[in-house]
Structure formats: structure tokens, C-alpha cells
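As annotated by Swiss-Prot, region 'Head' applies to 1-68. Taken from Swiss-Prot, the feature phosphothreonine applies to THR7, THR106, THR146, THR379, supported by similarity to another entry. Per Swiss-Prot, omega-N-methylarginine is recorded for ARG12, and the stated evidence type is similarity to another entry. What Swiss-Prot records for SER13, SER34, SER78, SER319, SER381 is phosphoserine, and it gives similarity to another entry as the kind of evidence. Per Swiss-Prot, the feature citrulline maps to ARG26, ARG32, ARG266, ARG402, ARG412; the stated evidence is similarity to another entry. Swiss-Prot lists 65-373 with the feature domain 'IF rod', giving sequence analysis as the kind of evidence. Per Swiss-Prot, the feature region 'Coil 1A' maps to 69-100. What Swiss-Prot lists as region 'Linker 1' is 101-111. Sequence annotations record features per position, and here Swiss-Prot assigns region 'Coil 1B' to 112-210. For 211-226, the entry in Swiss-Prot reads region 'Linker 12'. Here Swiss-Prot flags 227-248 as region 'Coil 2A'. Taken from Swiss-Prot, the feature region 'Linker 2' applies to 249-252. The region 'Coil 2B' feature in Swiss-Prot is assigned to 253-373. As annotated by Swiss-Prot, region 'Tail' applies to 374-428.
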Amino acid sequence: MERRRVTSATRRSYVSSSEMVVGGRRLGPGTRLSLARMPPPLPARVDFSLAGALNSGFKETRASERAEMMELNDRFASYIEKVRFLEQQNKALAAELNQLRAKEPTKLADVYQAELRELRLRLDQLTANSARLEVERDNLAQDLGTLRQKLQDETNQRLEAENNLAAYRQEADEATLARLDLERKIESLEEEIRFLRKIHEEEVRELQEQLAQQQVHVEMDVAKPDLTAALREIRTQYEAVASSNMHEAEEWYRSKFADLNDAAARNAELLRQAKHEANDYRRQLQALTCDLESLRGTNESLERQMREQEERHAREAASYQEALARLEEEGQSLKDEMARHLQEYQDLLNVKLALDIEIATYRKLLEGEENRITIPVQTFSNLQIRETSLDTKSVSEGHLKRNIVVKTVEMRDGEVIKESKQEHKDVM
């Protein structure tokens, strides 16, 4: 934002002559004649953010003032020439008048003398009025240009302030959107963590505890800068200063043209006020610069926090993926080992079943052979025969149910005196 202070210092030119008459007054040697004008009110705001632009504007202002000063000096030199010419004519007329006075006065000479005095007085008045009107015209033209420039500067400043406000609002909206995006990412990651934890909470309880310890709650507290109030306050101050300056300008234009000594004192007071306003504007500029730096720091902090959150969530997601892959590998290895143990157990049961069948077959064969062989009855008096029968059934879902029946027969003298049956169940 560039604002230029256009100041017009009091312009003076000094003339020293032997004698001249201005406005009916005779000025002696060493008399100082100065022309001055009131400076226009200063702009309400100055921006020193761009030193280069300020220096160039200051140089242009100084150059324009120097050119105006030279033009005024040239114009005043022409006025001096006219005054000298009039002085010479005055001297000539005075010499002629002295010559006429040396002669015998007549009525015609008195008439000429009175008319001459009247003409001189009118000439002095016209000359003074002409010079005053020309100076006033130049001052009014320059003041009009200054007011137009000031109006343009005020319009540019207002547009720039509105653009800055829109930019600040856009930055605030972007920061809010970034914060909401981060919150949504955090919620999605937390839901994914809860889902993974719920799936594996029964099988891997120890991993669930580790995940619970590693859970990170992120809370972000973003300070929302109150830009609207600050800009409203600045605009209020700006409008107040602009209104005050406009009021002072109107009062100055309605007031009469003051004499040169009062103008010098007034210019000194205005210069002091200008310096004071420049200091105020410097302080305002520093405050706005601090606010801008604060907003930039807040933006950088938000971006840094966003990057840290993304990196941390990426690391956590990678660790969760690795843990999930490791658990899947462990589960697969456990399933493989369980299947291998089941297969070994099934093989052992099959071997045991085959052995039991062979034992039962041998016993039946042995009992048949014993029944065919003739043996004295006394030898079988205490004989106990144990008969074992095997009943196998297939059960659904891959389980094998086996019933083993042990039958005991007690015979004496070829007669069965006692018989018992015992059943054993085995499931595999």
C-alpha cells in the first residue's frame, strides 16, 4: 500500500531595492517582500512500508516543488522589473514635478498634480490587486489539484483496505477449512483404530493394550484473530481524520487571506502537526505490520501442525498395518500347526483302532481254537474269557466316535456260570 504525502512549503522570494511603491506604501532599501500560501491539509494516512516508493515519491515532490519555486521566482522577477520600471517612471515624474514646482505654480499645474496623484494611486491599487489575484489564482489552482490528488489517494486507500480485508477473510476461511480437514482425518483414523482393535481384541489382548497406550488425542486450539474489529477501528480513525482535514480545508478556504507573518507562524504549526501525524502513522503501520506477522506466524504454525499430524498418522497407520500383517502370519502359523497336530492325532487314532481290531480278531481266533481243542474240564474250572468287540461310527464334522465293548464269560465244566459286558467310549 503506497501513500504519498504531498506537502507544499511556504515559498518566499526576497527582493532588495533602493526604493519601490507597493499598495500605496513606499518601501526603502533592505525591505523584504515575500509571497506565501497556506499548505493544503495533509493526507490522513501515510504508508512507509515501501521505502523505495517513498523515496521516489519524495524526490518527485521535491522536484515539483523546486520547479514551482523557480516558476514563482521568475514570475516575481517579472513583478520586480515592473516595479522598477514604475519606480523609474515615478522618479521621472517626480523630477518633472519638481521642475514644475520650481516654476511659478498655476491652476493648471494643480489640476495636473491632483490628477497625477489620483492616477498613481489607482495604478498602485491595480498593480497590487493584479498581483494578489494572480497569486490567489495560482494558489487555488494548486489547491484544487492537491484536493483531487488527495481524493484519488483516499479512494485508492479505501480500495486497498477492502482488498486487504477480503484477503484476511480468505486466509481465515482457509485456516478453518484446514482445521476441519484435520479433524475429519483424525476422526477417520480413530474409527479405523477402533475397528481394528474390535476385530483383534479377543485374539490379541496384549496388542490391544499397547494400542490403547499408543492412542493419541490431538487437540488443536487455533486463535482466531479478530481482524474485523481492528479494521473497523482503523477505518473509523481514518474517516475521522479525513473529515477533520476536510473541515479544516473548508474553513481555510472560507477564511480571508492572512498577512505574511501570521502565515509563517501557521505554517510552522502545521509542520509540527504533520510530524506528529507522521509519527502516529508510523505507529499504526508498526501495529499493522505486527498483526500481519502474527497472522503469518499463525498460518505457519497451522501448516507445521498439519504436517506433523500427517506424519504421525502415517507412522501409526504403518505400525498398525505391520501389526495386522504380523498377527495374520501368527494366526496362519497357528492354524497350520493345529492342522498338523490334528493330522498326527488322527493318524495315531487310526493306528490304535487298527491295533484294537487286530487284538479283537486274535482273541476271537484264540477262543475258537480253544473251543475246538479238547481239554480236561478241571483245567477250565477257573477260566475267564474276555471278549472284546469294537463298534465304530462316523460322526459328522470330521469327528470319529468309537465304542469298545468288553465281554467277560466265566465257564465251569463246560457251562457258562457268569457273563458280564463293559462298554468303553472314545471320541476322536
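For all residues, glycine too, the Cβ spot is worked out from N, Cα and C.
Features recorded in Swiss-Prot, as mapped to the structure shown.
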{"residue": "SER78", "record": "phosphoserine", "DSSP (3 states)": "helix"}
{"residue": "THR146", "record": "phosphothreonine", "DSSP (3 states)": "helix"}
{"residue": "SER319", "record": "phosphoserine", "DSSP (3 states)": "helix"}
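Just so you know, the Cβ of THR146 (phosphothreonine) picks up 18 other Cβ atoms within 10 Å once every protein chain is counted. There are 13 other CB atoms within 10 A of the CB of SER319 (phosphoserine), with all protein chains counted. For SER78 (phosphoserine), no same-chain residue 6+ apart in sequence has a C-beta under 8 angstroms from its C-beta. Put simply, SER319 (phosphoserine) is 71 Å from THR146 (phosphothreonine) when counted between their Cα atoms.
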